[in-house]
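Over in TrEMBL, the protein carries these features:
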- Gly362, Pro363, Asn364, Ala365, Gly366, Gly367, Lys368, Ser369: ATP binding site (BINDING)
- 625-643: compositional bias 'Basic and acidic residues' (COMPBIAS)
- 644-660: compositional bias 'Basic residues' (COMPBIAS)
- 756-831: domain 'Smr' (DOMAIN)
- 625-682: region 'Disordered' (REGION)
Amino acid sequence: MSDVSLYPPDADRRLGFDTVRARLIGLARTPYGRDRLESLAPSSDPEVVRGRLTRAGEMAELVRTGEPPSVREIDRLEGVLRRVQPKDAAVDGEALLAVARVLETGRRLHDYHHRRREAAPALWEIAARIAVLKALEDRIGRAIGDDGRVRDDASPELLRISRELAAQQGRLRSTVQAALRDAASKGYATEDQPTIRGGRAVIPVRAEAKRKVEGFVHDVSASGQTVYIEPASVLDLNNEIREIELERGREIKRILQGLSGHVRHHRRDIERTLDAVGHLDALAAAGRLAADLDALVPEVGVGGALRLRKARHPVLQLRVAEANRLPDGERSPSVPETVVPLDLSLGDDAEGEAAYTLVITGPNAGGKSVAMKTVGLLTLMAAHGLPVPAGPGTRLPLVTAVFVDLGDQQSIQDDLSTFTSHLTNVRTMLEAADDRSLCLIDEAGTGTDPAEGGALAEAVLSRLTKRKAMTVVTTHIGALKAFAHDTDGVLNGSMEFDRAELQPTYRFRAGVPGSSYAFEIADRVGLDRPVVKDARRLLGEGKAKLEDLIAEFEARTTEARRRQDEAETRLAEAERTQKDYEQRLDRLRADADNRRQQALAEAERIVAEANAAVENTVREIKEAAAEKEATKEARERLDEARARISKRKSKVDRRQRSRRPAQNGAEAGPAGPIAVGDHVRLDTDGPVGEVLALDDGEALLALGALQSRVDATRLTKVGGPPKLGRTAARLAARTPGKSRRGETRSAAVSTARVRIDLRGQRVEEALSEVQRFVDEALVGGVPSVEILHGKGTGALRQAIHEQLRARPDIASFAVAPPDRGGDGVTVVDLA
């Protein structure tokens, strides 16, 4: 039941909503969806409308994402549900098959919306009402074939009877064929195939020989030349088959009664499913229409502003879309290629002021009526809960009444002239319109003397404006342009006209009155120039000058808007270009980061090789038992490996510096050679350390507790003048690059540990850990280390001590004092 009044009652048809409704109904797939759309009525209740729009918007989004629900065509079930009500009812197989199809459709919709219940919760509320009766659906499917007949295997008894019937029919065919062959051999039969008459198997026999064939006559041909006789030999078989067929019919009826009983039991569930399926089907049609129109869910509310942003007349947009799908030769030239969008505001915040009446002027066929109808049609669509073809920011007030006075409504039957019909509609508006009404008046003030008609129009619009009724008027009456300019709450608006081409552009301009361009159009269609000139003179100099001023103002406004559009286009292009460059920069940065990560990975491999070389060298020194010649050769190989690795690492560093410009110039220190004691940064974004020593282009660098030899070209000063740092001062008395034994220190970073915890490990694992631990300590120059093995049974401690005794590079070892762990810790002094 609608709570929105329409004046006249067919106002929705006059606005074109009947075309929208017809398109919607055509998009529905089920009779129940079509029923719902045919009865759909507008509402002024915000909660009702917002609920409708939310559901339609969710469905439109599913359609746009390419995942629309699949709704199959189903039959009406009202008759079936009535026929199953008697207790012993047995509806036919086709009716039961229709029930199964409805159950399947409902189940599929239920499952579809259940999977999308988070994305479309409003639709799930409807789908959740569907009764999923899979057992009944399967029961019907097992018993009824696709042709609507009961399947032979619907029950064990029916299967037995059907097999028996098939066997008897086979024997009957053999017997009757034998009787026919015998009759034919004697010249009695006229055909070579048996036939059926009255449900009995018979053979065709010549009329003159009918007494020579034993049996019963069942029929005679139209010519009387042939009689159809049931041979005596098949009489008993025919009787037996008839009895079996009757038995089969009783079993089929029993099966149908059982299935009908199940349908009767679930009648309420099925009715609820039909209602939900119809609702979802109607919403799916609304979603498909929204996708076709590129429509969105508008903001709605009671009162407030009416805002249209990039709105399009839906019927015109559908016509344009259909025309654009036709081949060029079949396309009507009267249909435009695109729909010019409409931007229009009324209400509390229209163009920065409270305006409730809009007076639209401009040339004939310029789009005035289309603009006005767009306002009415989109208002009706929103009230019906349908997305509207418009852009973001669109808002439509929910009205309780729509008043329409459109076109030539002259009625011969009621003896009403155009003007009288117009006044009748206006009188209804003045009697009933209020601040929740929408009034649409086409060609206000026409049909009578322009001066009198204009005065009447002013008086009517003044009263509607005071009531805050949302009103849109089209007119050619010049006095109404001045009225709109001088009256609070009334706005001027016009449809743009290209004076150079003498063609309408169909663009709406708010706040600007329009000229009718009667003289310009008269010139264009070829009216004699003297006639047009005389018309201008007769109009009066002042009036003609006013029209010229309006036209000039329109032209300048059009030019200003054109320049604004160009500026906005250039701004958009600049923003796109900026975004493109930002994306390119992001890609370059990502590429640089990727290259840096690759370089760091390569550096890590270099360091790993260096550590491996150190471990191999230490192992060779141990295995050679400190023989001088072997030790010397191992050291030489170590130096070669160090030089080779340093060269590769320098190459990586140079490649990195060439790819990344220095980013730390602000912290760079003074120019000049690096000296011992300088604080320097390693690479562009590496750590800061202190130079301990310089030797042939290489620097010994202290990085916290670590030391490393690096190419001096990788270093950048970050501090003040050269000074001897604490680390350098500590090592100043020692030969640069030498260990405490005077041997050349490895280029590998010293990261040696001084304590290891082996508790809980097996003996084999622990001994392997001790081997690596002591090797690292020797390379790192650590004087002593601690091995935490725990007390336990003492087996692990004994095994470790035996390994330490076997190493020539261990000076001594002993258990720790009680305050440092006692028997659970072994202290090792390195040679």
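The backbone N, Cα and C atoms fix where each Cβ goes, and this holds for glycine too.
For Gly367 (ATP binding site), the number of other Cβ atoms no farther than 10 Å from its own Cβ, over all displayed protein chains, is 24. A sphere of 10 angstroms centred on the C-beta of Gly362 (ATP binding site) encloses 28 other C-beta atoms. Averaged over the domain 'Smr' (756-831), the predicted model has a pLDDT of 86. The Cβ centroid of Gly362, Pro363, Asn364, Ala365, Gly366, Gly367, Lys368, Ser369 marks the ATP site; residues of that chain outside this set whose Cβ lies within 8 Å of it are Thr474, Met495, Pro504, given in sequence order. In the structure shown, the C-beta of Gly366 has more C-beta neighbours within 10 angstroms than that of any other entry among the binding-site residues Pro363, Gly366. Annotation for Ala365 (ATP binding site): spatial neighbours Pro504, criterion Cβ-Cβ under 8 Å with sequence separation of six or more. Sequence-distant contacts of Asn364 (ATP binding site), defined by Cβ-Cβ distance under 8 angstroms and a gap of at least six in the same chain, are Ser516, Ile521. DSSP classifies Lys368 (ATP binding site) as helix under the three-state reduction. Fewest Cβ neighbours within 10 Å among the binding-site residues Lys368, Ser369: this applies to Ser369.
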